[in-house]
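Student: This is the structure I have questions about; it appears just below.
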């Protein structure tokens with residue numbers, strides 16, 4: 001497949017953004033509203049069964065007005081609804097997988113997914129502002145091969161972390177992933193080490209990292225960067241865990257509680273700071289970043305209060 | 001016996017024949033030395049041919065052999081005054097993850113590894129080398145201790161994966177592994193990792209972030225077990241053999257992919273055929289790499305490890321693709 005052709009011909013894209021691997025540029029490009037609005041007029045809530053107008057659902061941040069169920073959200077949509085004015089500058093949109101293992105049907109699967117989803121990989125990275133504060137953000141998209149992490153996802157996230165470190169911007173990662181990408185084998189596993197190592201450096205530089213786990217965050221993603229935030233948030237009802245429910249049931253031969261591995265379950269077991277609903281997300285993020293604008297007490301400050 | 005390898009049937013048959021001849025010679029007094037020697041030659045030839053052309057799936061069988069040297073056996077053999085330590089100081093002591101300190105060629109080191117059993121009973125006690133979060137936290141505690149006292153860290157990987165259980169999730173399996181990845185990336189002492197048998201998923205990587213990653217000739221290391229991959233990809237665990245082939249999980253594959261630094265040769269027929277020899281080779285390899293690493297400063301060690309993992313992966317810009 002001709003990658004450039006794919007990009008220029010994509011009807012969903014309003015106009016091209018400048019891809020920049022160095023991404024130190026400060027160009028910003030806005031995107032229009034209609035990027036990923038799904039086809040069809042109505043949507044059924046997976047939890048309460050309510051039939052909802054898609055337009056209203058979108059206005060309600062893809063949260064069911066009846067029961068509060070959080071529908072999955074695409075990465076571009078998340079960027080637009082999280083950052084001020086829906087404006088962001090995208091990093092590394094030119095990076096694609098090379099099918100390093102020559103894995104059967106992987107290349108076809110990638111091409112097909114790119115066409116269907118309108119993204120080149122399972123993560124979108126970039127920068128913008130929240131309540132006026134500049135941030136580096138990465139958002140995973142579960143529509144792209146289960147949001148799985150292969151070499152490109154690992155590389156884009158590592159570069160985003162490095163950008164946040166260089167620019168002294170807070171880092172926010174919204175994860176949504178079934179885990180490591182099987183089709184890239186050991187190289188996928190190594191992305192866990194790569195992203196975690198980048199976070200270790202970021203931490204040493206004093207950087208702020210807010211991890212928001214959305215449905216689902218499991219396997220190699222939950223066992224690496226997603227769990228390494230200074231603050232760990234999750235959306236209500238999000239599935240978060242290391243091993244899959246079916247595998248656990250087969251292993252221990254007992255039924256698991258209904259809410260096993262949900263955000264609320266993790267909160268109860270002391271593994272999250274907060275469960276944050278989508279409606280309050282922007283406010284919570286903004287407030288948290290604003291608190292970090294001011295360094296707390298330092299040695300020698302004396303009676304600052 | 002569960003330790004027999006299915007693809008060694010022909011070898012086993014020959015072995016039996018040799019034993020029979022030997023017994024007959026003893027009984028009857030007829031000299032059959034020549035015949036026996038010929039058969040033994042043939043057996044060796046057959047074994048050599050077999051082991052030079054092992055399929056990935058056959059390697060998986062060897063890597064799972066119960067006679068493979070365990071972490072504690074290796075620790076006892078390569079360290080003097082090895083002292084095992086227990087517990088994560090928070091919840092419990094995980095029998096699937098062991099660790100302690102000792103002298104390695106006169107140098108104090110910390111050694112940590114997955115512990116499998118040598119028979120079914122032991123394996124059950126060791127949870128088949130599948131740690132819970134407290135196992136990873138014990139490992140982390142010992143690594144921090146090593147850092148404090150300036151001891152290089154040796155880790156030995158041999159696990160079918162981190163344990164997929166209810167309690168493991170409740171106690172934060174994901175977080176325990178993630179914390180280890182981050183901590184190991186920043187550790188200021190040398191880390192040498194040896195994949196001894198099986199290396200599956202985050203359960204292996206949780207103690208696998210080293211300056212050097214070495215791997216035994218017939219060990220395997222992947223994002224998931226071949227059975228797990230087959231179940232996930234093709235909804236059929238019986239396609240494990242195919243998965244073993246396609247996932248590129250052998251030491252030789254991983255060397256080519258730039259994931260590991262060296263393949264440690266095993267005795268003919270696998271490490272279980274001659275444990276002391278296998279352990280000696282492991283020791284020599286660790287020694288060589290530690291000697292190199294101990295020349296580096298704390299800062300250089302961290303940078304070295306960072307760059308090693310930062311490089312791994314296969315990405316390309318489609319802008320470059322167009323030009324070619």
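Backbone N, Cα and C atoms are what each Cβ position is placed from, and that goes for glycine too.
All TrEMBL annotations are machine predictions without curation.
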Student: Could you check which of A:45-67, A:68-90 is flagged in TrEMBL as zinc finger?
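Tutor: Of the candidate stretches, TrEMBL labels A:45-67 as zinc finger.
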Student: If we count other C-beta atoms within 10 Å, could you say which of the binding-site residues A:45, A:64, A:67 has the fewest?
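Tutor: Among the binding-site residues A:45, A:64, A:67, the sparsest Cβ neighbourhood within 10 Å belongs to A:67.
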Student: How many other Cβ atoms are found within 10 Å of the Cβ atom of residue A:48 (Zn(2+) binding site), counting all protein chains shown?
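Tutor: Its Cβ has 12 other Cβ atoms within 10 Å.
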Student: Cβ within 8 Å of the Zn(2+) site's Cβ centroid: which residues qualify beyond A:45, A:48, A:64, A:67?
Tutor: A:46, A:47, A:49, A:50, A:52, A:65, A:66, A:68, A:69
Student: For the zinc finger (A:45-67), jot down how many residues DSSP puts in helix, in strand and in coil.
Tutor: 6 helix, 4 strand, 13 coil
